[in-house]
Every structure is written in C-alpha cells, then in structure tokens.
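> Before I ask anything, here is the structure I am working with.
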Amino acid sequence: MNIFEMLRIDERLRLKIYKDTEGYYTIGIGHLLTKSPSLNAAKSELDKAIGRNCNGVITKDEAEKLFNQDVDAAVRGILRNAKLKPVYDSLDAVRRCALINMVFQMGETGVAGFTNSLRMLQQKRWDEAAVNLAKSIWYNQTPNRAKRVITTFRTGTWDAYKNL
C-alpha cells in the first residue's frame, strides 16, 4: 500500500465530471475542477487542465496525470506550510500518507486548522489524536474515509485499507 493506492480507495476513479460530497465539480481521482456551481465553468477548467475539448469526459491516462499532479501538490503544500511540515517530519511513512490524504481532500489550509489534533500527532499521542479527529466536521462529512484515515494515524498500519 502507498499514498496512491490509499487515495484510489478513498476517491475512486471517475472519468466523467461529477459532484463530490460537498457539491463541487470533480473528475478523475478526486481532482477538484471548481467550486463554481456552473457545469460550463467546470468543463472549461477541465479543458484547460487537459489541453483539449473534453466535453466533461477524460481518459484513464488523463485522470492519472491529474492525480499525480494533485498528490505532488498536496505534498508540496505540506512541506511549505509552517504548521504541517513539523508534524509531517515527525511521522513515520504510513502516517505521513494519512496526512497527505487529509491535505488531498481538504487542502493544506483546511488541515492546518486541526491545531490540537496536529499537536497530538506530533507528540505521538495517537489515541488522543484519533478521538479528537473523530469530533471534527470532516469526520461527519465523510465518516467512512475519516475512520480509515484516523485508524491509519492511530495504528501506523494499513489495516483500515485491507480488503477494500
């Protein structure tokens, strides 16, 4: 298991524009196109991102390219963020993937707002961090994914992603 496999489970591949859990137009493996309510705006963003007229549909290869760019952007966001980088640096490889997963979903600014949980993670207080993360709006909005990510933080294993 790695971050790419983890996110493929949590995001799934969709080759046609869809609305995510927050109602935002998305495509591929969790690639946010726009927060605009306009489907035409989403199609325009997609055409720019891919470099051709897509009419709201992309190939698997195009989805993979966007996905790789998005994972790279999430990691870069963590490394440049003064609140996230020290936490990331303190984590083992599996737990780093859990943090990348959160940033992929919510953005670096969103995750940086988890001040208490981040402090607990940096201090390796896994059980307390898990309890705290489960009290979040994020947990209520995407409970299945949040449970898997939280279990990954708590255990430092891929157990939550086995057999999925």
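Glycine is no exception: its Cβ is also placed from the backbone N, Cα and C atoms.
According to Swiss-Prot, the record shows the following:
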- Glu11: active site, proton donor/acceptor (ACT_SITE)
- Asp20: active site, proton donor/acceptor (ACT_SITE)
- Leu32, Phe104, Ser117, Asn132: substrate binding site (BINDING)
> Within 10 Å of the Cβ of Leu32 (substrate binding site), how many other Cβ atoms can be counted across all chains shown?
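That number is 18.
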> Let me know the most crowded of the binding-site residues, choosing from Ser117, Asn132 and counting other Cβ atoms within 10 Å.
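Per the Cβ count within 10 Å, the most buried is Ser117.
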> Name the residues of the same chain, 6+ apart in sequence, whose Cβ is under 8 Å from the Cβ of Glu11 (active site, proton donor/acceptor)?
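Same-chain residues close to Glu11 (active site, proton donor/acceptor) (Cβ under 8 Å, separated by 6 or more) are Ile29, Gly30, Phe104.
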> What three-state class does DSSP give Asn132 (substrate binding site)?
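For Asn132 (substrate binding site) - judged by DSSP and reduced to three states - the answer is helix.
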> How many whole Å apart are the CA atoms of Leu32 (substrate binding site) and Asp20 (active site, proton donor/acceptor)?
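One finds 8 Å between the Cα atoms of these residues.
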> Asp20, Phe104: which of these recorded positions has the highest Cβ count within 10 Å of its own Cβ?
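By the 10 Å Cβ neighbour count, Phe104 comes out on top.
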> Between Asn132 (substrate binding site) and Asp20 (active site, proton donor/acceptor), how many Å separate their Cα atoms?
25
> Need the DSSP three-state call for Ser117 (substrate binding site) to compare against my parser.
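Reduced to three states, the DSSP call for Ser117 (substrate binding site) is helix.
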> Work out the three-state DSSP category of Leu32 (substrate binding site).
strand
> How far is it from Ser117 (substrate binding site) to Asp20 (active site, proton donor/acceptor), counting Cα to Cα, in Å?
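Cα to Cα, Ser117 (substrate binding site) and Asp20 (active site, proton donor/acceptor) are separated by 25 Å.
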